[in-house]
Amino acid sequence: MTEQLPLALFLMGPTASGKTELAIRLRQRYPVELISVDSALIYKGMDIGTAKPDEREQQLAPHRLIDILDPTEAYSAADFRRDALAAMNEIVVQGKIPLLVGGTMLYFKALLEGLSPLPAANAEIRQQIEQEALTKGWSVLHDELQEIDPVSAARIHPNDPQRLSRALEVYRISGKTLTELTETKGESLPFRVKQFAIAPKERAELHRRIELRFDKMMEAGFEQEMRALYTRKDLHPDLPSIRCVGYRQMWDYLDGNCTLDEAIYRGICATRQLAKRQITWLRSWDNLTWLDSENIEQSLETLSEAIASDRDSCV
């Protein structure tokens, strides 16, 4: 008889849907340990604008994979999968259940399905690409990527040389586009996963929550946090960190491209668009149990029952 795989829980949902509150409540009942699945919460010094769990929340339920990088650094889905698997295994060794909480669907997908191994970096080809960029400009190289891999070109900004260079490098090494390779599934997740998504039933309620949260972030000092980042000479608006929702709009304000009120409005609109994309992902997700943001008690009971029934089946 083969040994049963360990249990892991996914708690997904759009931004401002109440994931953190629900996860903390669950940890107070069961031996779960939280792992953040959020491409913005990884950055140090970006606390208010990302709605990062505060000190009290972190004391109640410490989150792994928060504050692990400086905003100058990039982080891929492959990096996340590596770090999340390591954290999940540590939690299981402690006799507890990994609870993965967040809204970065690409990270959840990479963790669940695995990633096709990409070719290793080739210094000679990378140098060749950098030389071409010096003579032609990155915009010309972006046009080249658009021809061979329009999907990646749509995701990668012309002023993001690190990711643009890597996409071209992968194609020149392997003869396959980054999109082709990343769509190929890799090693599956060695866990029994129960998957949940939380969201309000009505879109208007989610919009209300998003606007309220943005207002609270401004009251908490988001502008001051943004100014501290803006004064750093090593940060610019084409970095993945500064492209995070809210931060890009506030950067435009500090650059003098719009008023503060306009930046807030654009930030709220961008957050709504993000939430719409997250819900679109989730609607096509298999084996998903939906929870209601407006009924946290019932959502907590549903999660609790899932853990209890799993324990009973293992006896």
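Every residue, even glycine, has its Cβ placed from backbone N, Cα and C.
Here Swiss-Prot gives region 'Interaction with substrate tRNA' for one range in the set 204-211, 220-227, 252-259, 276-283: that range is 276-283.
Swiss-Prot assigns the feature region 'Interaction with substrate tRNA' to one of the listed ranges (63-68, 117-122, 243-248), namely 243-248. Looking up the ranges 38-41, 154-157, 178-181, 214-217 in Swiss-Prot, the one annotated as region 'Interaction with substrate tRNA' turns out to be 38-41. Swiss-Prot assigns the feature region 'Interaction with substrate tRNA' to residues 162-166, out of the candidate ranges 52-56, 162-166, 182-186, 292-296. Residue counts for the region 'Interaction with substrate tRNA' (243-248) under DSSP, helix first, then strand, then coil, are 2 helix, 0 strand, 4 coil. If you count neighbouring Cβ atoms within 10 Å for each of the binding-site residues G13, G18, the highest count belongs to G13. According to its DSSP assignment, R126 (site 'Interaction with substrate tRNA') is helical. Around the Cβ of T104 (site 'Interaction with substrate tRNA'), a 10 Å sphere holds 20 further Cβ atoms from the protein chains shown.
What surrounds the substrate site, by Cβ distance within 8 Å of the Cβ centroid and not counting T15, A16, S17, G18, K19, T20, is the set G13, P14, E21, G103, I198, R209, S293 from the same chain.
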